[in-house]
Structures are given as structure tokens and as C-alpha cells.
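Peer 1: To start, I am sharing the structure in question, which I have written as C-alpha cells.
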Amino acid sequence: MGNHLTEMAPTASSFLPHFQALHVVVIGLDSAGKTSLLYRLKFKEFVQSVPTKGFNTEKIRVPLGGSRGITFQVWDVGGQEKLRPLWRSYTRRTDGLVFVVDAAEAERLEEAKVELHRISRASDNQGVPVLVLANKQDQPGALSAAEVEKRLAVRELAAATLTHVQGCSAVDGLGLQQGLERLYEMILKRKKAARGGKKRR
């Protein structure tokens, strides 16, 4: 499994006539459920996966309310500690970051917080929209999206960084549609702002 893509449909697709695909990178600690989320999006079913040693990539088309779909090139990068220094190689020039956390494993949220802040503050990622997926909401004791947002100190990310925290589950697909809609909206907003800034110069 790997080297594919899934597409999404836009709410304002007419604004993006020139994009073949939006580049999105999925990162997070090991065992957070990144690959399972990727394949839930692609195959619309839960796929039990093994730890990612490098990366997976899929083209994903997801209806976001518009009549025309938008293709997302989604890169899922391994989260083991030894692989984390490689994240920046994948996030360079990305349109959006998806940071996945295991909401049922509260003891690792501090570690996740450190990695989230490190990657979002990297020079190449300044201002890139961040969608945090609080995965495994199907498990007993999973923290809510609001609690995950608080523990990760998401609001302390750079003021120019658009963020959204969404509870979700790779098992039943809960919350994924809403999360992707918000990510798409944030990407659109950033591109519009960038275009407006160029016109004013």
C-alpha cells in the first residue's frame, strides 16, 4: 500500500482552478493511527496497518460539499523518533499539515506537543495551516478535542498559523469529513491572503 492519492471536493472550488492537487503531510508520533486514517480516507474502511518505516502516499478525493472534487496528495510519514528529523523534508512547501495524536494515550501528549510545536515553527512551515486530529475517539477514556487542544497548547502556535482540532476515529470514520473540510477552508484562506498580499505590492 502506498504511492496512491485520494481526492476531496471543495466548498469553493472555483477559487482553485490552477491546482492539480493540494499537498498535505500527515505526521505525528508512532502508533497514533496515521496510516489507518489515510486508508480510511482512501478505501472508506478500517485497515489495520503495521508501523510505517518511511512514508506512504495516496491521492484522495473527498467530497467537501462542492460539485467538483479537489485532489489531495497526502503523504503519511513514519512517527518513530528516529524518523522525525526527516519530517521537514516532506513538509517543505506543503499546503497543509495534519498532526495526528492518540487521544486515548494521554501520557504521550506532552511528547506530541513538543513535536507539533517544533515542526510548525520550522522556517519552511511558517503559516502553514495545521489540522490536529485527536484520533481513537472510539476508545474508552479518549480525551475530547477540546482537552487535546489544551494539552498540546495549540493556541500558542504562531499567530499567523491557522489551526483546528478535530476528534476522529480511523475505525468508523467519525470526524474525518469535518476535519478535512476545515483544513481545506484554512488552505483556501491562506492562499487568498497570499494572493491579496502580492496584489498590494
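Cβ from N, Cα, C; glycine included.
Feature table excerpt (Swiss-Prot):
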LIPID     Gly2  N-myristoyl glycine
BINDING   28-35, 76-80, 135-138  GTP binding site
Peer 1: Across all the protein chains here, work out how many other Cβ atoms are within 10 Å of the Cβ of Lys34 (GTP binding site).
Peer 2: 28
Peer 1: Helix, strand or coil: which one is Val77 (GTP binding site) in, per DSSP?
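Peer 2: Looking at the DSSP assignment, Val77 (GTP binding site) belongs to a strand.
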Peer 1: Enumerate same-chain residues with a sequence separation of six or more from Ser31 (GTP binding site) and a Cβ-Cβ distance below 8 A; give 'none' if the list is empty.
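Peer 2: Pro51, Gly79, Asp102, Glu105 - these are the non-local Cβ neighbours of Ser31 (GTP binding site), listed in sequence order.
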Peer 1: Can you tell which of the binding-site residues (Gln80, Gln137) has the fewest other C-beta atoms within 10 angstroms of its C-beta?
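Peer 2: So among Gln80, Gln137, the binding-site residues given, the one with the fewest Cβ atoms within 10 Å is Gln80.
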Peer 1: Can you give me the same-chain residues 6 or more apart in sequence from Gly28 (GTP binding site) with a CB-CB distance under 8 Å?
Peer 2: Lys34, Gly79, Phe99, Val100, Val101, Ala112, Glu115, Leu133
Peer 1: What number of additional C-beta atoms lies within 10 angstroms of the C-beta atom of Val77 (GTP binding site)?
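Peer 2: Taking all protein chains shown, Val77 (GTP binding site) has 22 Cβ neighbours within 10 Å.
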Peer 1: Is Lys34 (GTP binding site) helix, strand or coil when read with DSSP?
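Peer 2: The three-state answer is helix.
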